[in-house]
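Here's the structure we're looking at; comments come further down.
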Amino acid sequence: MEIVMSVAIGLLFMAAVYLMLSKSLIRIIIGTGLLSHGAHLLLLTMGGLGGTAPPVVADGVSAAEYADPLPQALILTAIVISFAVTSFFLVLAYRAYQELGTDNMELLRGTEDYE
Amino acid sequence: MSLVFLIFIPILAALFIPLLFKRLGQIHTGWFVLLVPAALFLYYATRLPSVMEGGTYVSELSWIPSLDIAFVAYLDGLSLLFTLLITGIGALVVLYSIFYLDKHREQLHNFYVYLLIFMSAMLGVVQSDHLITLYLFWELTSISSFLLIAYWYTRDRSRFGALKSMMITVFGGLMMLGGFVLLSIMGGTYSIRELIAQAPELAQHDFFIWALVLVLLGAFTKSAQFPFYIWLPDAMEAPTPVSAYLHSATMVKAGIYLVARLTPVFALSEVWMWLVAGVGLFTMVWASFFALKQTDLKGILAFSTVSQLGLIMSLLGVAAAAYHVEGAADTYLKYAAFAAIFHLINHATFKGSLFMIAGIVDHETGTRDIRKLGGLMSLMPVSFTVALIGSLSMAGLPPFNGFLSKEMFLTAMLSLQEFNMFSMDVWWVLFPIIAWVGSVFTFIYSLYFVFHTFAGKHQPEQLPKQAHEAPIGMLISPVFLAALVVMIFFIPNLIGDWLVKPAVAAIQPFLYDSPQNVDIHVSAWHGFNTELFMTLGIFAIGGLMFWTLRKWQHLYDLYPDAISLNRLYDEMMLLSGGGANRFSRIYMTGFIRSYLVYMFSFMTFIVLLTLFLNEAFQIDFSNLAPIGVYEIVILLALVGATLTILGSKSRLTAIIALGAVGYSIALLFVIFRAPDLALTQLVIETISVALFLLAFYHLPQISRKEERMKFRFGNALVALAVGVTMTLVALSAHSQKALPSISEFYKETVYSEAGGGNIVNVILVDYRGFDTLFEIAVLGIAGIGIITMIRLRLTKKEGQHENK
């Protein structure tokens with residue numbers, strides 16, 4: 001299962017990077033969303049997908065049978081933070097569009113000129 | 001009191017200066033500052049008697065013990081001489097500055113803070129025995145010099161001069177650091193004393209010549225030797241007290257000090273002797289020649305300082321030659337080191353007084369342009385007397401101290417005929433000839449300085465101010481220095497015994513065990529010898545050429561500016577600035593895409609390289625979870641949704657597909673026994689999709705001009721590389737565990753230690769509580785950012801100009 005998951009993670013990252021390299025701001029934000037999904041699954045897979053019981057203490061379950069709680073704790077933190085970042089991005093895109101009338105990154109390029 | 005702490009006293013005193021300036025502005029801040037160098041001078045003077053006997057003091061303060069770096073104050077004849085110069089001239093200059101800088105108009109707190117920082121730095125340079133801290137103080141002198149030159153920072157010339165001096169001296173400083181590091185690699189120590197002890201072994205080392213050249217670059221840039229001298233004339237934009245102090249008496253002599261201090265290490269080398277003596281002598285003649293081209297009083301003095309520094313430098317080169325001669329202490333070669341130190345003291349006295357006079361003339365007439373000046377003799381009699389004494393001493397006339405050291409300089413140059421190594425037997429004759437030519441020009445510019453300012457016709461209509469004599473306070477310091485100039489002529493051997501001989505013994509430990517062994521007696525009259533005839537020749541030819549100066553001075557205009565060193569510096573600055581700009585423009589495109597490509601490619605490259613270099617990639621087939629039907633179905637949905645995002649024409653579809661990916665992941669969390677994650681993911685994904693749609697709803701125009709993403713091969717390649725890398729990382733990370741996971745600890749202790757059942761929650765709020773706290777902080781910051789952005793209005797309405 002871990003091998004299959006690894007391939008899926010690779011796919012997610014690939015799609016995310018491809019979207020982030022595009023011109024449209026909305027697509028870039030979607031890309032970052034995919035990137036965080038990929039990162040979450042990566043964390044989960046790194047710890048191993050074994051374990052037959054959820055990491056909640058219960059009678060008659062030995063320590064080895066619990067799923068690894070550490071990646072889960074990390075992912076929980078990561079989900080919340082990626083949500084914060086995504087919403088920040090969204091508002092940024094929305095406001096940038098309102099003020100500047102475009103979401104095309106090539107047109108949003110800064111115009112600082114020295115010389 | 002410990003010597004190391006004394007070094008830091010001026011910099012500590014600087015802490016109180018702003019307070020004193022603000023609170024006690026009625027009293028000129030300089031009066032408080034004056035106490036520092038004066039007290040230090042008196043304290044250090046008490047060390048003279050024992051140092052004169054050959055005694056030394058060491059005091060150490062550990063700084064970074066793990067790197068073997070410490071502040072080590074080492075006081076012997078050489079460092080004590082410089083210390084007394086720094087504090088003594090420092091006190092006189094501060095006294096002078098009290099009358100030079102107006103307490104109401106000038107930013108005195110800045111000035112004196114910089115000056116005190118410099119004082120500490122300079123004391124550190126001359127007393128440090130540890131090479132790294134020596135370097136530290138060395139750069140600190142460059143920085144404080146930069147700040148002092150740019151003291152009148154609203155003037156373009158000041159900022160230009162400050163930058164120029166900084167660029168050149170810091171360049172030299174960095175080279176010197178390289179030399180120091182090489183020395184420490186060769187000798188296994190940073191201590192100068194220990195390096196001197198193993199000098200013969202060092203000379204055999206391959207790095208020796210490199211260390212030598214690098215250290216000399218540091219010394220030559222600091223002491224304004226050819227071709228690095230060009231910063232010194234531009235540094236004259238500094239207030240005159242600074243020029244008198246840093247750029248004539250102390251800082252520019254740091255290079256001299258370094259050469260003198262390291263002579264015992266490097267004297268073995270032929271290159272050292274040739275470079276130090278050759279560059280010094282050439283600088284002397286070059287700068288004295290061009291001093292006559294200057295029309296600014298301080299410009300003349302700047303070139304004259306460069307020239308005199310060259311003279312001292314060349315003497316140190318000859319002093320190194322004494323290392324190679326059997327029984328050099330009995331030959332005329334012994335005079336070189338003595339002459340160098342003696343002239344250094346004399347130069348500090350007469351040049352200090354001349355700079356102060358230039359400042360007085362500037363202050364009282366409003367100009368330093370020698371073409372507008374003249375005839376000030378009767379208006380400023382005291383200043384004229386001081387200037388005359390200083391100039392004649394510089395010219396090498398009796399009865400002033402310059403005569404003695406100049407005579408000795410010629411003796412030392414002539415003594416090279418006794419030295420028949422390193423092809424000197426052929427070339428030695430060049431040295432006295434060049435020295436003689438340089439001395440002739442020195443004679444002319446000395447007279448030019450004093451007579452074109454004070455004699456001739458007074459031109460009141462040319463002067464911005466009505467000329468008059470300076471206030472008495474301003475005259476104290478120059479008069480005192482001028483008195484020294486005369487006094488030293490009559491008591492040279494007292495100065496020699498107290499100050500010069502201990503320093504000479506430190507420069508030439510291979511000749512003398514203690515200062516008493518330096519067998520040199522200074523006298524004004526040696527009988528009719530070559531030196532005397534050379535001196536008479538200087539007076540005759542120099543006098544004649546000064547007489548006819550007006551006729552040939554315009555020849556200097558023939559020298560084309562296009563090939564000057566200053567031009568070279570300007571071009572280099574332009575080139576490096578423009579080049580750096582062009583270079584960064586190549587990759588700083590302003591497109592976020594480019595930057596992302598750099599980051600992703602670099603990350604992929606580094607990760608793959610590490611994986612393969614460490615042979616870290618492996619797949620462990622033994623410890624895999626079984627593949628289930630549900631997982632496969634969900635994964636297929638996930639991949640399908642991802643592909644939909646890539647291929648979708650409408651942004652709406654893409655957003656909904658993103659939601660599908662999120663929900664698939666939530667389902668995966670359920671299957672992989674992570675109930676908390678699944679819950680959180682479901683809630684967050686729902687809110688995210690709602691937010692996306694909300695934003696989308698407010699951007700109706702965008703949806704009309706939708707188009708499918710065009711396929712771009714470059715982007716796809718980068719994306720593929722990142723994807724493959726992440727797959728490899730995921731596989732390798734899962735397959736090998738270098739250390740046992742901390743999870744086991746959590747699993748076992750969650751109930752007994754933390755009293756909770758849900759392990760994930762306990763980790764978040766208990767074991768890793770701070771992480772969660774900061775996570776909340778991130779959420780808060782994002783929230784504040786969002787509110788700010790919503791409130792921010794960039795486009796201002798007509799007629800609203802907030803900045804007006």
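Every residue, even glycine, has its Cβ placed from backbone N, Cα and C.
Annotation source TrEMBL lists domain 'NADH-Ubiquinone oxidoreductase (complex I) chain 5 N-terminal' at B:64-112.
Residues annotated as domain 'NADH:quinone oxidoreductase/Mrp antiporter transmembrane' in TrEMBL: B:128-424.
The feature domain 'MrpA C-terminal/MbhD' is assigned by TrEMBL to B:637-701.
Annotation source TrEMBL lists domain 'MrpA C-terminal/MbhE' at B:712-791.
Marked as transmembrane segment by TrEMBL: B:5-21 (among others).
Residues 28, 30-31, 33-34, 37-38, 40-41, 44-45, 48, 75, 111-112, 115, 119, 122-123, 126-127, 239, 241, 244-245, 249-250, 253, 257, 341, 344-345, 348, 352, 356, 359, 470-471, 473-474, 476-478, 480-481, 499-500, 502-503 of the same chain, all 6+ positions outside the transmembrane segment (B:81-99), place their C-beta atoms under 8 angstroms from a C-beta of that stretch. Taken from TrEMBL, the feature transmembrane segment applies to B:81-99 (among others).
Per TrEMBL, the feature transmembrane segment maps to B:111-128 (among others).
Positions annotated as transmembrane segment by TrEMBL: B:207-232 (among others).
Per TrEMBL, the feature transmembrane segment maps to B:335-361 (among others). Tertiary neighbourhood of the transmembrane segment (B:335-361): same-chain residues 81, 85, 89, 92-93, 96, 100, 239-241, 243-245, 248-249, 253, 256, 260, 297-298, 301, 304-305, 308, 311-312, 315-316, 318-319, 321-322, 368, 373, 376, 380, 383, 386-387, 389-391, 393-394, 400-402, 404-406, 408-409, 411-412, 415, 449, 453, 470, 474-475, 477-479, 481-482, 484-485, 488, 492, 495-496, 499-501, 503-504, 507-508, 518, 520, 522, selected by CB-CB distance under 8 Å and a gap of 6+ residues from either end.
Under 8 Å from some Cβ of the transmembrane segment (B:373-397) lie the Cβ atoms of residues 297, 304, 308, 346, 349-351, 353-354, 356-357, 360-361, 364-365, 367, 403, 406-407, 439, 442-443, 446-447, 449-450, 452-459, 463, 467-470, 475, 478-479, 481-482, 485-486, 535, 538-539, 542, all in the same chain and six or more residues away from its ends. Taken from TrEMBL, the feature transmembrane segment applies to B:373-397 (among others).
Beyond the transmembrane segment (B:472-491), the same-chain residues lying 6 or more positions past its ends with a Cβ under 8 Å from any Cβ of the stretch are 92-93, 95-96, 98-100, 345-346, 349-350, 352-353, 356-357, 360, 363, 382-383, 385-386, 389-390, 393, 398-404, 524. Taken from TrEMBL, the feature transmembrane segment applies to B:472-491 (among others).
The annotation transmembrane segment is assigned in TrEMBL to B:532-549 (among others).
Taken from TrEMBL, the feature transmembrane segment applies to B:595-613 (among others).
Residues 628, 630-631, 634-635, 637-638, 641-642, 644-645, 678, 681-682, 684-685, 688-689, 692-693, 696, 703 of the same chain sit 6 or more residues outside the transmembrane segment (B:652-672) yet have a Cβ under 8 Å from a Cβ within it. Annotation comment: TrEMBL describes B:652-672 (among others) as transmembrane segment.
Taken from TrEMBL, the feature transmembrane segment applies to B:711-733 (among others).
Marked as transmembrane segment by TrEMBL: B:773-794 (among others).
Taken through DSSP, the domain 'NADH-Ubiquinone oxidoreductase (complex I) chain 5 N-terminal' (B:64-112) splits into 32 helix, 8 strand, 9 coil.
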